[in-house]
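Here the structure comes first, spelled out in structure tokens, and everything after it is commentary.
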Amino acid sequence: MRKGRVIIIYERDNEFNSEGRLTGPMLIICIAVASAGLMYGYDIGINGGITKAESFLKKFFPSVLRSQKNAKVVDGFCLFYSWKLTAYNSSLYIAGIFSALMAGRLTTSAGRKGALIIGGIIYLIGVSLHALAVNMGMLFLGRVFTGLGIGFINQTAPIYLVEMAPTKWRGAIGIGFQIFFWSGVAGASWINYFIMSSLNSKRWRIAVSVSGFPATIMTIIAFFIPDTPSSLIQRGKVQQALKSLNQVRGTKFDSENELKYLIKYNEDMRIASETPYKMLLERKYRPHLLFAIALPTFQALTGFNLNAVVGQLIVTSLGIRLKDVFPILLIQSTIFFVCLLLTGYLIDRVGRRIMLIVGGCQIFICQVILAILMASESRSHGTSIFSKRSAFVALILRCFLGVGMALSWGPLPWILNCEILPIEVRSAGQGLSTAISFAVNFITIQTVYPMLCHFKYGAYLFYAGWTLIMTIFVVWFLPETKRIPLESMDIIWHGH
């Protein structure tokens with residue numbers, strides 16, 4: 001009954017937004033902003049390839065290359081563990097933590113558009129340093145600048161998409177960032193294959209440089225797109241907000257009525273907005289703060305990084321050479337991409353809660369079965385931890401686990417964080433959430449290899465336990481945000 005009353009209230013008070021019209025300009029603008037996900041996805045994907053390229057290791061990590069070549073008998077669970085390469089990979093996340101927190105303030109003062117431009121420029125600097133690196137200092141500096149740019153982009157792009165989209169299509173448009181992210185991962189898989197199949201010492205530099213093309217295009221386009229109406233009104237630019245509404249809603253839409261509603265909403269919420277991080281600590285924002293922390297933490301604790309590592313062990317058990325792994329990864333990335341498109345279709349029809357619950361159950365079941373399979377098949381020594389038959393079963397289970405992620409905990413936390421946060425703390429809350437996502441991912445990347453090495457199949461049970469906890473958390477605490485306008489989102493917290 002309560003849910004029914006909520007729907008009646010917000011539809012009556014916000015009739016202009018129930019139309020949910022999709023216009024050409026709005027789609028073009030949102031696609032351009034969502035394409036920022038290519039930068040993050042490609043960077044994650046391509047780095048997984050170049051850190052296995054012999055020419056790259058010979059240049060920057062010769063001791064790692066010697067250790068791999070001299071290894072005689074290696075525990076299969078410890079086969080890919082190297083703390084030096086792990087530190088290099090995770091340096092991006094450390095930089096992302098700081099830039100995401102900075103972006104939390106910047107997106108309030110400079111707007112969503114300004115933060116996108118700054119993030120794109122910083123990212124391009126990082127790519128240039130990375131591709132031209134001649135020593136370890138330059139390599140790590142490029143990685144840090146890349147992380148700073150990604151931190152800005154990851155904080156800003158989801159907010160832009162959620163604020164610009166009509167209520168009816170907010171989930172489908174908001175998921176665009178993740179769709180482009182996995183497009184970048186899939187594209188990187190192809191390029192990784194050519195890197196690993198060649199001894200050309202310069203080819204990895206070309207692969208790194210490729211990420212500069214989508215970053216350049218996104219940054220240039222960002223100069224010409226409008227900022228979100230909510231952000232413009234928040235900064236007192238009412239006429240520009242009306243122009244932005246007319247541009248994305250179309251001339252047939254009553255933009256002035258929506259503008260009045262947004263102005264009224266911002267006036268009601270205009271309270272010491274110069275200290276948004278401090279405001280998050282106030283009692284009225286505690287539920288929002290809880291979700292801003294819980295959602296990215298749970299997302300990282302689904303064990304997705306472990307799933308990637310075990311994927312390498314599976315193909316090794318099948319007798320596939322490491323350089324031939326990437327076509328398999330490409331197929332899996334394609335499956336994930338198709339499932340994301342399905343998520344974009346279902347999210348505004350089925351709702352966020354049920355998708356998180358069903359996806360969480362699917363992930364949990366796959367993790368438990370994989371743990372049982374690994375426990376029964378693992379050997380104390382040797383480079384293989386699966387028989388070939390069990391490896392095929394594990395490969396299928398890994399695909400089902402990835403499908404569960406794509407339909408739930410992969411994309412949805414990014415959208416939910418932006419939806420549930422009121423505008424006066426939205427930038428700060430999303431900045432905090434993005435920083436926590438980077439921090440927890442940093443920890444999981446640092447620990448996933450030694451955890452697998454020491455706990456073996458117990459690593460999957462660890463993440464399965466967290467998946468069960470987060471699914472129960474959603475059942476008990478997460479409200480449904482489907483079809484509720486951002487300006488009326490406070491209604492779902494009444495009596496929560």
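Glycine is treated like the rest: Cβ placed from N, Cα and C.
For reference, TrEMBL has these:
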type: DOMAIN; residues: 29-482; note: domain 'Major facilitator superfamily (MFS) profile'
type: TRANSMEM; residues: 21-42; note: transmembrane segment
type: TRANSMEM; residues: 85-103; note: transmembrane segment
type: TRANSMEM; residues: 115-134; note: transmembrane segment
type: TRANSMEM; residues: 140-161; note: transmembrane segment
type: TRANSMEM; residues: 173-194; note: transmembrane segment
type: TRANSMEM; residues: 206-225; note: transmembrane segment
type: TRANSMEM; residues: 289-314; note: transmembrane segment
type: TRANSMEM; residues: 326-347; note: transmembrane segment
type: TRANSMEM; residues: 354-375; note: transmembrane segment
type: TRANSMEM; residues: 395-416; note: transmembrane segment
type: TRANSMEM; residues: 428-448; note: transmembrane segment
type: TRANSMEM; residues: 460-479; note: transmembrane segment
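Non-local neighbours of the transmembrane segment (140-161) in the same chain are 30, 33-34, 36-37, 39-40, 43, 88, 91-100, 102-104, 106-107, 112-113, 115-116, 118-133, 173-174, 176-177, 215, 228, 414-415, 417-418, 426-427, 430-431, 434-435, 437-438; each lies 6+ residues outside the stretch with a CB under 8 Å from one of its CB atoms. Summarised as a single figure, the pLDDT of the domain 'Major facilitator superfamily (MFS) profile' (29-482) averages 82. With a threshold of 8 Å between CB atoms, the same-chain residues lying at least 6 positions outside the transmembrane segment (206-225) that come near it are 29, 32-33, 35-36, 38-39, 42-43, 46, 49-50, 113, 116-117, 120-121, 123-124, 127-128, 130-131, 149, 184, 188, 191-192, 195. Same-chain neighbours of the transmembrane segment (428-448): 86-87, 89-90, 93-94, 96-98, 100-105, 107-108, 147, 151, 154-155, 158-159, 276-277, 279-280, 288-289, 292-293, 295-297, 299-301, 305-306, 309, 417-418, 421, 459, counting only residues six or more beyond its ends whose CB sits under 8 Å from a CB of the stretch.
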